[in-house]
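Participant: Residues or ranges marked as domain 'Cytochrome b5 heme-binding' in TrEMBL: 5-80. The transmembrane segment annotation in TrEMBL covers 111-130, 136-153, 174-193, 213-232, 253-273, 285-306.
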């Protein structure tokens, strides 16, 4: 009969979960995004991770209302049989709709302008201090300012990656390259690649790259099984070296954070010169070249090698504050193994995130990421609104008996170290199995 709807079951939809056969469902309508995944602005990883299931909540979280008009060209003609929406999802979508009606996603405030002005001012101060002042302590102070400047630049880059902070997409991309690649030396392409995967698969041990730090860190004993990283496409091998390093991770955590920036530089270069399809590869490489031109030149202007080494060490160490915050938001939260599920979007975000409570006047310091759950639920929402929506998110969590964890900066550090120590002690137990074996043999010896 003409006009009669065609249906497929959820099990049938799950069969279309591969790069060459990628289907998703949004509000019960089934779409074939196989070809679109290759040019998707957010990359192919989010689509691949959620392939073969309903992704309505994730779609709402990541896309403006104008994106709905483009879905029809991907429609397969099928509808999802027995399509149901949970009460949690209904409330989440209602809240997102209310924010949209209030225009919160478009009201970006003046925070970005102020932050960019501060970044420019600090950059000039650093250059002046190194070139025009001979004091050793001034030079160290400039190194610390440079590290702080990198932190604030990263927050602006983070904002620009989630929503448009400039007047047009072209200017937004230019801001990303200038603030990210040119100033911090970290590619916006690398950030998008890893960060989108992190948001979609928040705290999945095998899908979320932000928890895959073997051999240095392991937040769960599940990583001791040498699980397969779906993101990196390789085994996270838990060998004797990893066991040793993880056994002392609660002691090495802060020292490693002080040099974590070097790893980001390395990851940027590995991605940009890999065989992966990288959007704006040439532009990203040019931006990185700008960074590796001005930064070494600035360091070379210092009077001796001792000061040069100290300048690099201090500037990198200061950024550890940001790296610590990133880990505080997730390391001690709940983790799981397996792919993300589109039907429990809200639940997975509440389970895998931890907020950092602070006074209003400290919001600039955390770059909005202290409201980690709010940011994960509404990633397109400008940071200036996160504090105001926090009570609404807390009420929604309470209504559905879901966790809403907000710790002070100190408490979050304690919780993270406790998590790392627990895993470290478990790793030590694996490195010394002899007593266990002897007891077993003594208890079971015969003949």
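Backbone N, Cα and C define each Cβ position, glycine as well.
Walk me through where these features lie, including what they touch and how far apart they are.
Facilitator: Taken through DSSP, the domain 'Cytochrome b5 heme-binding' (5-80) splits into 30 helix, 22 strand, 24 coil.
Outside the transmembrane segment (174-193) by six or more residues, the chain places 42-43, 45, 116, 119, 123, 149-150, 153-154, 156-158, 160-161, 165-166, 264-265, 267-268, 271-272, 276, 278-281, 283-284, 286-288, 290-292, 295 with a CB less than 8 A from a CB of the stretch.
Within the chain, the transmembrane segment (213-232) has long-range Cβ neighbours (under 8 A, six or more residues past its boundaries) at 45, 49, 194, 197, 201, 205-207, 238-239, 241-243, 245-246, 249, 252-253, 256, 331-332, 335, 337, 339, 419-420, 423, 426-427, 430.
If you look at the transmembrane segment (253-273), the same-chain residues 6 or more away from its ends with a CB under 8 A from one of its CBs are 150, 185-187, 189-190, 193-194, 216-217, 281, 284-285, 288, 316-317, 319-320, 323-324, 327, 416-417, 420.
Within the chain carrying the transmembrane segment (285-306), a Cβ under 8 angstroms from the stretch's Cβ atoms is held by residues 126-127, 130-131, 134, 139, 177-178, 180-185, 187-188, 268-269, 272, 312, all 6 or more beyond its ends.
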Participant: Excluding the flanking five residues on each side, which residues at least 6 beyond the ends of the transmembrane segment (111-130) place their CB within less than 8 Å of a CB in that stretch?
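Facilitator: Contacts of the transmembrane segment (111-130) (Cβ under 8 Å, skipping residues fewer than 6 from its ends): 138-139, 141-142, 145-146, 148-149, 152-153, 155-156, 159, 165, 179, 183, 298, 301-302, 311, 364, 382-384.
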